[in-house]
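Working notes, structure below.
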Amino acid sequence: MEEQARPPGRPAASATLQGSAHPGGAASTATAAALSFSSVATVTLGNQSDAGRPEAAGSRGPAPLLWHGAAVAAQALVLLLIFLLSSLGNCAVMGVIVKHRQLRTVTNAFILSLSLSDLLTALLCLPAAFLDLFAPPGDSGPWRSFCAASRFFSSCFGIVSTFSVALISLDRYCAIVRPPRDKLGRRRALQLLAGAWLAALGFSLPWDLLRAPREPPAPQSFHRCLYRTSPDPAQLGVAYSVGLVVACYLLPFLLMCFCRYHICKTVRLSDVRVRPMTTYARVLRFFSEVRTATTVLIMIIFVMCCWGPYCFLVLLAATRQGQATQAPSLLNVAAVWLTWANGAINPVIYAIRNPNISMLLGRNREEGYRTRNMDAFLPSQGLGFQARSRNRLRNGCANRLGACSRMPSSNPASGSGGEVVMWARKNPVVLFFREGPPDSVMEVGKLHNSETRDSSI
């Protein structure tokens, strides 16, 4: 009688297969497929928290060990690739911005904050993932504090990255949509950056360790501690977890979409209303703003794709209210790795959108650059050469950019020439973002009275 009163336990895999009414039916096939996917996911995850239990260790045969080793090697290779791209790429971006004074603009300050947060994520969070791959299963033991610190850094720098991209979108919105007097100044940019870092620090503090837990924490493995969603709804409550996701991720995502929508609307209206462009500085500025807006759009898409699954899992854990008692699934691991991969994707975007980045890294201001940026070259030349270069650039833009096809050409022979490539010795190429063309370039555009007015942004 006592045995009949005991609550039924979870049936074994073999019992599940044998207990189906029709062994050859659809239910048996679906169950077998689910069990096969579960076994593959268990091997792929590496050091699972359930691997430390005796029944799990005894069921592992020699064949799964080979798959386990291959899975660990593949995971280590992916983590190494993310680490190298994040560390080296973001160091290069930060070095370019800090090295050249002309690149120290307001938008590049937000880029610097984004690169710094991605670099710190690679240096302080990825080592814990490497340790999890090769650490023995079982209780985390002495690594419990290291695991909590890694989760804190991952959450803090992730929030900073999201805020930085939102600030970049806001800066581009003010530069393109709003009047020039509404642009973000350096002082306001520093205040926004300081507020973003302080807010990320406050939201990411391990409040579950500073307050008395609702229930004694159960022993957990290093893998379960590392890939547990942060914040944990089981420890901090559902309201806090949902509020953090909304304030730190969903609202910045909405701000990015709002800014991007108005930027696209303004660019489309400007493309329709603009007259034939006759000033090369206006041409450069217009297409520079469009290219910048496209780069920001690419960054926004990758941020949403990398952080969207993580936010969804946090909200899902909040609805279940049982995160602390569950082992991290394959989706948890993939979501955390996607957030880390976002820091490696951003430098790749910069390199693709700015192919001359190696020249900025290899040369200083005194040595000069081989550049297509006329703004960096013409101010150091005479007025006669500036007038001739203006005509050549005008014809080059007419060939490359269809919007400039109606510009008058004073040098037909140069119309078939390729891109204008100069050697600039004074000013570096503004690869990332700039606030507007230099004053000396605008003075060149004022040589003719008919070129002083333009309706482009």
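Each residue, glycine too, has its Cβ placed from N, Cα and C.
Judged by Swiss-Prot topology annotation, Leu103 lies across the membrane from Arg228. For the residues Asn47, Asn356, the entry in Swiss-Prot flags N-linked glycosylation site at a single position: Asn47.
With respect to Cβ pairs under 8 Å, the transmembrane segment (330-350) is most closely packed against 110-130, considering the stretches 65-85, 110-130, 236-256.
Here the transmembrane segment (296-316) sits apart from the transmembrane segment (110-130); fewer than 3 CB pairs are under 8 Å, leaving out pairs fewer than 6 apart in sequence. For the topological domain 'Extracellular' (1-64), the mean pLDDT of the prediction comes to 45.
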